[in-house]
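Q: Sharing a structure, written as structure tokens. Questions coming.
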Amino acid sequence: MKNTQILILDFGSQYTQLLARRVREANIYTEVLPFDTSIEKIKEYPLLKGIILSGGPSSVYLQNAYKIDSEILNLDIAILGVCYGMQLLTQYFQGAVELADEQEFGKAIITIDDKKNPLFKNVTTESQVWMSHADHVTELPVDFKQIAHSNASIAAIAHNTKPIYGIQFHAEVTHSLQGKEMLENFLYDIAKCNKDWNLDDFIDQQIKEIKETVKDKQVILGLSGGVDSSVAAAIIGKAIGKQLTCIFVDTGLLRKNETIEVMKAYETNFDINIKLVEASDLFFSELKGIKEPEAKRKIIGKCFIDVFTDAARQHKDADFLAQGTIYPDVIESSSHGASSKTIKSHHNVGGLPEDLKFRLIEPLRNLFKDEVRQVGFKLGLPEEMINRHPFPGPGLGIRVIEEVTKDKVEILQEADAIFIKKLREWNLYNTVSQAFVTLLPVKTVGVMGDNRTYDYVVALRSVNTIDFMTATSTHLPWEFLDEVVNEIINKVDNVNRVVYDVTSKPPGTIEWE
């Protein structure tokens, strides 16, 4: 790779991916690696300009605290410790970190003590930041100075002679109002990175590599209808055309008319081979009687792999398997040791039998979701395909709460289609990050005409988010919601009540299951 590089060592912060995206947004290539990555591995990056130590949930003074290879600190590169990362630097350089009497969580104001420090170029003397720490630095490390403080703690430190910095706050979070400036100061002025990461070069490089790797062989790819697999198909198809065969599995758990729409979209926009596999009966049979969300996810994942495997075996001439894996999948599926606990299982990364012996092609594995969308636009994919809201791998199987049946899915499909249609009619669809309907496992009493009803409840959900790591509910117009509710009640059989979910993430997740 010809680009200058920044590495992020991950100690399990919920903001690590956001931190990586901020670096990418600065047109600098970055990768996230486990906190215990060896010095030998790090030296494999020839144009490495700096390392960022992420935040994390642990405490540096605990016996089993997460550590880095101390040789990293002897490299002739810039280093920035964020939150836990700053405390780790403090400990390595013989300072002191203790549990704070006055802990800081949320918005805080820091005061810059060293206005001439390059980290704070074009930053005001007082600046709002986002704090999330129970521990604090009580004694400066040797050869370091304090360059910023808050009411409760040392907020930033800098080495006297080396380009090593620590910040106690999360500059990557938008609540840190000048965090972008601080990060860019570190990247451009301290680490001396070039703005040389761009997606046009990425596309050209991927097409070249795919051609050189595949040559005259065949490739198969599992299509979901989502953005990731669509863009993966587009970039591979641009490289090798009809040598790519896409397999689309109809699980029965897709949105209303999705199978028809997806097949039409691919046939219209791609010069590739597409095969449809109808497997809904299998999925409904395997899900019968299953209520627990994680069990449903695993069953759906296994069924998909079994169906895809059977279809793949029919393509005996295929040497390569392509996947729409993106960088968050890679980060979350890697063993970081320090990483946050698994919240929900991912079923779409790996899992195919070893005897298939495919070689893997993952052209998007180094891109974040927003970058994938940009690549899709650059490749000429239609806007409605690229800007489609995210859809979970298990599909409506996790939007029907508890047991999934064909009848329940049909109810949900109708209600969801009305909600999405209305969002488009009101020109709201592209103003929200994700919107959908969930079918609840409860019935309520209602009145329809002169008759008593006892039918299901559906919940509308619409959120806005930058990165899907945190999200807030959308403040949709009351008149809009009233119109949606009326149409669902009047047109969807077996539903007599509609609620609107206003829970943020956290404490909730975006999906109900």
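Backbone N, Cα and C define each Cβ position, glycine as well.
Feature table excerpt (Swiss-Prot):
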- 5-196: domain 'Glutamine amidotransferase type-1' (DOMAIN)
- Cys83: active site, nucleophile (ACT_SITE)
- His170: active site (ACT_SITE)
- Glu172: active site (ACT_SITE)
- 197-388: domain 'GMPS ATP-PPase' (DOMAIN)
- Ser224, Gly225, Gly226, Val227, Asp228, Ser229, Ser230: ATP binding site (BINDING)
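For the listed features, I'd like the structural context: burial, neighbours, distances.
A: Cys83 (active site, nucleophile) falls outside any helix or strand according to DSSP and counts as coil. Counting every protein chain shown, the Cβ of Cys83 (active site, nucleophile) has 25 other Cβ atoms within 10 Å.
Counting every protein chain shown, the Cβ of His170 (active site) has 24 other Cβ atoms within 10 Å.
Non-local neighbourhood of Glu172 (active site): Tyr15, Leu18, Leu19, Arg22, Val82, Gly179, Leu183, each in the same chain, at least six residues away, with C-beta under 8 Å from its C-beta.
Ser229 (ATP binding site): 22 other CB atoms within 10 A of its CB, across all protein chains.
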Q: Around the C-beta of Gly225 (ATP binding site), how many further C-beta atoms are within 10 angstroms, looking at every protein chain?
A: 20
Q: Measuring Cα to Cα, how far is Cys83 (active site, nucleophile) from Ser230 (ATP binding site) in Å?
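A: It is 38 Å, counting Cα to Cα.
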Q: Just the number: how many Å between the Cα atoms of Ser229 (ATP binding site) and His170 (active site)?
A: 33
Q: Count the Cβ atoms, other than its own, that fall within 10 Å of the Cβ of Val227 (ATP binding site), considering every protein chain shown.
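A: Counting Cβ neighbours of Val227 (ATP binding site) within 10 Å gives 24.
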Q: Could you state the CA-to-CA distance between Ser224 (ATP binding site) and His170 (active site) to the nearest Å?
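A: Approximately 35 Å lies between the Cα of Ser224 (ATP binding site) and that of His170 (active site).
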Q: Take the C-alpha atoms of Ser230 (ATP binding site) and His170 (active site) and report the distance between them in angstrom, rounded.
A: 34
